[in-house]
Amino acid sequence: MKRERDLGKAETAAAGKMKIWGEGQPQADAGTDELFAVLGYKVKSSDMADVANKLEQLEMAMVTTMEDGISHLSTDTIHYNPSDLSGWVESLLSELNSTGNFDVLPQRIGVPGESSSNLIGFSNDMPIQQNRKVIYDYDLRAIPGGAICSNGNDEENPSQEPDSGTKRLRSSPGSEFLDNASLAAARPVVLVDSQETGVRLVHTLMACAEAVQRDDMKLADALVKHVGVLAVSQVGAMRKVATYFAEALARRIYKIYPQDSLESSYSDVLQMHFYESCPYLKFAHFTANQAILEAFAGANRVHVIDFSLKQGMQWPALMQALALRPGGPPEFRLTGIGPPQPDNTDTLQQVGWKLAQLAETIGVEFKFRGFVANSLADLDASMLDIKPNNVEAVAVNSVFELHRLLARPGGIDKVLNSINAMNPKIVTIVEEEATHNGNVFLDRFNESLHFYSTMFDSLESSGLTQPNSEDLVMTEVYLGRQICNVVACEGPDRIERHETLCQWRGRMNSAGFDPVHLGSNAFKQASMLLALFAGGDGYRVEEKDGSLMLGWHTRPLIATSAWQLKSPE
Amino acid sequence: MAKFCINDNVDVLIEVLKRLDDRSLGVAACVCKTWCSLTRNDSFWEHMCFRQLSPPPEGVRAVVVALGGYRRLYICCVKPVREVREFNRVWTRHEMELSLSLFCVDYYERVLLGGGGGSGGGRLGSDSAASASLMLLCKAVNV
């Protein structure tokens, strides 16, 4: 039996114990210790040596301290992560060093509803006695899971024999001790089992953001490290989101701002992966195209101005729809706008060329013009060779571009005026549905935490791609860069200034635009498109005052809206 | 009296094959060379795509052929879209339009972007390999 084997080796050094633990490695999940796993704690085997070392030190400290103890540990301890034995022990050690006191930790497993106690632990039947080797007997009944056995941490007393039938645990389960009273301000929660560490993680993130908001960088620093530790114990979406947010917070705390956006070709590649791994961009393209198609009905010459051409993925579908429309295709002119390339390659022309080839294949007359601009505000309508309304129908299309203009004062107004001057038949705007542009950092943080958690969740659950496939990973990087920008940057560098549809409505209204209802065709097509995606049942298309929103479960994430110039009174 | 041989009456054969479901079609294609070549004929696949749709709009054939043919359209787009809807449900214009749009995107990515814009890398070779953005649709086995 494993237990006996472990007890028998109680006197071996921690390193020796490593082998025992190592032998019991489960095959799953990054080599967590099996014995701990049975108890509900995930400790990586790579961390075991560290944990064991610390426990040994702790034991030394414990047996040499006074009885009267650190009873305050039992009330102040906030258990964030039961699997973080290392961190817990370290905090205990530091506490011991400072107080020199120690007490047994009379603890019960916290149950929901106990709001004051922030503990998790085991009931302890035996009092500690001064200068005696300590035995902890814990009632492990409440731990979910099967066999309970000694975790072999029993280092303190090599010569002691276990009582038959008692299970000995050298240490109580990891309780994270945070040595700052202000943490009491963080919502105290009671951990019942390790699934709730996710909640802990979120609360720690929020506490860290609060600290940053108050400019308490020392605390924030401690907390952000803590988040990193906690995040490791999670899996899946929660882990990734927490890691990205922790990194962004760290950047903000240490003022290591991410260098100004990477090469645009890299960000294009990232967006392509985003395009392929989840339906958001496809939804955006298809719904916008439907609006444009309907606006172009009956026009013989059409001109589309795309505010961010990238790889031009939106336009093949529109061109095909135009090619097959009753009465034949119109002459199609596309103006693509893009950022300057660092190596001076003319990506815009390349994309234009490819679209031209497609157009030729399907029999649509096609012209292309590319404009390189650092910011949309640098352009104005006169550069774009706009033809009069009766000659050519104009559509302006912006997918995830307008919010960047909010970083500089006056940018958005200038652009909206330019759009006005272009005299468009229709303006299609797709934006993220979130308030990431508030003035208060903390609000932005909380908002973006919810938003990106939902996004990552949808990636995780969609089942579209294999986990860690290139698409998924790159998509996460893509989203991670946005997170970093929202959290860590300020001023003109903070370009991911997402606003909600309501806010955009207000702006468009004051800029002289009236909403155009996206018809039922767009809705049907969008619903069908989503049904095609595995996990399509998690995605929701909602119609709101004529605009369409795509969300994950109950949370809308992106919104497509269409606009036309206000008719003159 | 001459025996009736189905292979002498190709039009009848086509009518029969048109009504088969995909798996049976795959089996049918293995029967003999005649049947096999029939099932590879693109006009056969045109029937499969528009099975329940009244005459397809003009110009569709030219576009579809240019973008890769009806067989590819069926495999890459029509079939997955149909699978989401019930199989024998009436195939509507909307579904056809969506399939065609997806087909066009597929062509663009596959032929023009060459998979370089995305992670097309792992998917080699066969003419049924779909572009990256359609891989989510392609659970189908090559018919």
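Quick reminder: no glycine exception, Cβ is built from N, Cα and C everywhere.
So that you can see what the record holds, here are the features copied from TrEMBL:
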type	residues	note
DOMAIN	A:33-99	domain 'Transcriptional factor DELLA N-terminal'
REGION	A:148-174	region 'Disordered'
REGION	A:350-382	region 'Leucine repeat II (LRII)'
REGION	A:394-485	region 'PFYRE'
REGION	A:488-564	region 'SAW'
MOTIF	A:302-306	motif 'VHIID'
MOTIF	A:402-406	motif 'LXXLL motif'
So if I exclude everything within five residues of the ends of the motif 'VHIID' (A:302-306), which remaining residues of that chain have a CB under 8 angstroms from its CBs? That is, six or more out.
292, 296, 312, 314-315, 318, 322, 330-337, 384, 386-387, 392-397, 422, 424
Count the residues of the region 'PFYRE' (A:394-485) that DSSP assigns to helix (H, G, I), to strand (E, B) and to coil, and report the three numbers in that order.
55 helix, 13 strand, 24 coil
Along the motif 'VHIID' (A:302-306), what average pLDDT does this model show?
95
